[in-house]
There are 2 protein chains.
Amino acid sequence: MRTRPLKVALLGCGVVGSEVARIMTTHADDLAARVGAPVELAGVAVRRPDRVRQGIDPALVTADATALVKRGDIDVVVEVIGGIEPARTLITTAFEHGASVVSANKALLAQDGAALHAAAEEHGEDLYYEAAVAGAIPLIRPLRESLAGDKVNRVLGIVNGTTNFILDKMDSTGAGYQEALDEATALGYAEADPTADVEGFDAAAKAAILAGIAFHTRVRLDDVYREGMTEVTAADFASATRMGCTIKLLAICERAEDGGSVTARVHPAMIPLSHPLASVHGAYNAVFVESDAAGQLMFYGPGAGGAPTASAVLGDLVAVCRNRLNGATGPGESAYAALPVSPMGDVVTRYHISLDVADKPGVLAQVATVFAEHGVSIDTVRQQGRNQSGGDAVAIEQGGGRREGGEASLVVVTHRASDASLSGTVEALRKLDTVRGVASIMRVEGE
Amino acid sequence: MRTRPLKVALLGCGVVGSEVARIMTTHADDLAARVGAPVELAGVAVRRPDRVRQGIDPALVTADATALVKRGDIDVVVEVIGGIEPARTLITTAFEHGASVVSANKALLAQDGAALHAAAEEHGEDLYYEAAVAGAIPLIRPLRESLAGDKVNRVLGIVNGTTNFILDKMDSTGAGYQEALDEATALGYAEADPTADVEGFDAAAKAAILAGIAFHTRVRLDDVYREGMTEVTAADFASATRMGCTIKLLAICERAEDGGSVTARVHPAMIPLSHPLASVHGAYNAVFVESDAAGQLMFYGPGAGGAPTASAVLGDLVAVCRNRLNGATGPGESAYAALPVSPMGDVVTRYHISLDVADKPGVLAQVATVFAEHGVSIDTVRQQGRNQSGGDAVAIEQGGGRREGGEASLVVVTHRASDASLSGTVEALRKLDTVRGVASIMRVEGE
């Protein structure tokens, strides 16, 4: 074993960074044995260097992150600051000064992954970021390496723990969105400003990264269609239950059936209770991968938290250190396929649509005509009374049993149709006199 | 991109080998882009070279595997023959002649992994074997690389699809073992001689490989305690249901609580329905990994079959080819921890024991005394009528409601105890006049 240590600079010492430092110290012998050389924490850049940090030598702490990455003796920079700047500049500076980088920064990777990969390659350095997607779950490495000889067709994942906690709570207790969010906040699963999670921004960044790796194609954050889950209601869960489904916020990356393009999207969707993702509870994450040869795979685990994220960071650190001792680099960006990314309108899936309609004869015929005119084929139609959302659905007897001039609820489940056709259908439905409102539109996935 | 191809020799062209050859041909451009050089099938060694093999150039086919691996121009040998010999000799010959090896051979890796790793290292070659455990599921790579900075404490897996199919069938239909096995055989999930699967030999080989990687310790096949699942009955499933459990054949690799030793074992066990492994149906495999920092991870997918296994083989092939272009090798054997492997008697878990007892006063006191004398603490005791195994359990009223001199069934669930203590308890119970027989002993895991 080499005795000269590999030197690591840690940028950021919050929830994740402090765990990285702790494990590097307490498991130093294991890391050395696994790498083939000692791994030394050579510097820690933080915003407030005067704060006492347990287990970290104060002499290592600095406020000057730029000077740290420019030192020249650093082998690996671990970036756990998050956000776009100064992380981006620090990472490229690290490459320029002969260091490889391990990052947990999903926002930066989703926005500037291509440029960062190019900078790493230019300088012959590694860029690893297992921790950027789904925390501790090994996902980037299996996609980049284990499935390198296979053809991935779909990635379907629960990649945000906060929203899964909220939706799981709504499902199991019947709570509304706000009540479930309040509990998530009280328990520390949701931040004071939960926008990034509940509006799907966090999941969209991960979807961009996953789609890029899965399809060997650059997928930018702007390419990802995004819908949050703040409008999911208890009534939607009641509908889902009647369908034998639950509702999850999913990141979905798909290759088109003709193989010529890909799509990436984040939105709430119904999935059958029999689907493995339906059993992913609480703040856990899981990603379902479908490929030509391997078939269906699922990766499950904690998607966030200091220690789990640190586990992923340290796995990357060991790999990068080994590469360095070998004088080699790991796999870089693989974007050779360069498939076009199609807009949301091209996505084909099924839909569950709840309409508030006038309760009178002829309504179903009108509604069905609109679907037919837009080429959207109907699978089932059910009528529900306005105040029976928790009860069993009643097979429709058009107009039967309802007070003339009252309101009824019509639930339509479609066969597979493009998002553009469905949007056209909904627009036309809104114009019908007999349609008082479109209560909800939910995609149905994983069938 | 390099234009000179990397040359691959394929040993074996059965279910897996023919899929490897097919994908290498149909996805040649993708493989070249991902490796950075063309990957060429340079030879295929089979037992019957005169048989027509669709999609494979007959000029490549040979019966002389030894000459193929000795050619000297081969970069990577893919071994999908299985069994100990001639696979072992061919692999070591390949290393001696400058080739790296990708193998799917669990039996060989479990028996001779250390020697094969040593031979690979001696010659500066790679030895990869993702396909040897749980088919397509990326598992070896995540354990060897993603979790390289973490400390794995337990691996709990369903690693044999045949037995999972049989047990799942028994659970869902109430069928007995033989009936479920017959169906598995008819559907092609079980071989004509199912011994290797149902007696746990296949799972034990995988447990040895997983334990070795997880604990950085050599674990030989002989170190793995093994119990098959042929004696699991419909009555055991009825008991499991009453416990809120199901029964799975599990491979369990554990670090002792004091960290100073490890154990590896394969046997049927009850696991709670709430455990993610309980939802693994049919012939699917899944492996649950618990580590210090990452927490609980699960990897799920098809554990066998031509295409899934080929996916794992090809992932390894891409990695080995990349290493070769880099002039580097991947991680070799990591056995630095060299922890002692403890015998089964040291394993600590909970037990579910069904006893046939005389239905008279004093029996419970006698039975409870035997448990106490052996230091095994009882969690719950239930009495069941002989013919009520499908009904609800009745909380015991000792002797109450039973005909004096008749028989009753006593179900004891223990707190955690060592296997040695439990064995001593059972031996003593068998000597009691009032105990007519020990109907079943089942370990309870995953709580």
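Every residue gets a Cβ built from N, Cα and C, even glycine.
Lifted from TrEMBL, the feature list:
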- A:Lys206: active site, proton donor (ACT_SITE)
- A:Leu11, A:Gly12, A:Cys13, A:Gly14, A:Val15, A:Val16, A:Gly17, A:Ser18: NADP(+) binding site (BINDING)
- A:Lys106: NADPH binding site (BINDING)
- A:Glu191: L-homoserine binding site (BINDING)
- A:352-443: domain 'ACT' (DOMAIN)
- Item | pLDDT averaged over every residue in the domain 'ACT' (A:352-443) | 82
- binding-site residues near A:Lys206 (active site, proton donor), in sequence order, restricted to A:Gly14, A:Val15, A:Lys106 and a 10 Å Cα cut-off: A:Lys106
- Task: Tell me the Cβ contacts of A:Leu11 (NADP(+) binding site) under 8 Å, same chain only and six or more apart in sequence, or just say none.
- Result: A:Gly17, A:Ala45, A:Ala65, A:Leu68, A:Val69, A:Val77, A:Val78, A:Glu79, A:Val80, A:Ile81, A:Ala87, A:Leu90
- Task: Tell me the Cβ contacts of A:Ser18 (NADP(+) binding site) under 8 Å, same chain only and six or more apart in sequence, or just say none.
- Result: A:Arg53, A:Ile56, A:Gly306
- Task: Please report the DSSP secondary structure of A:Leu11 (NADP(+) binding site), reduced to three states.
- Result: strand
- By Cβ count within 10 Å, point out the most packed of the binding-site residues listed: A:Gly12, A:Gly14, A:Gly17. A:Gly17
- Note on the structure: Out of the binding-site residues A:Cys13, A:Val15, A:Val16, the residue with the smallest number of other Cβ atoms within 10 Å is A:Val15
- Additional residues surrounding NADP(+), by Cβ distance to the A:Leu11, A:Gly12, A:Cys13, A:Gly14, A:Val15, A:Val16, A:Gly17, A:Ser18 centre under 8 Å: A:Leu10, A:Glu19, A:Val20, A:Ala21, A:Val46, A:Val80, A:Ile81
- A:Gly12 (NADP(+) binding site) and A:Lys106 (NADPH binding site), distance between Cα atoms, whole Å: 15
- What residues, ordered by sequence, lie under 8 A Cβ-to-Cβ from the residue listed as 'L-homoserine binding site' and sit at least six positions away in the same chain? A:Thr162, A:Thr185, A:Asp197
- Note on the structure: Minimal Cβ count within 10 Å, across the recorded positions A:Lys106, A:Lys206, points to A:Lys106
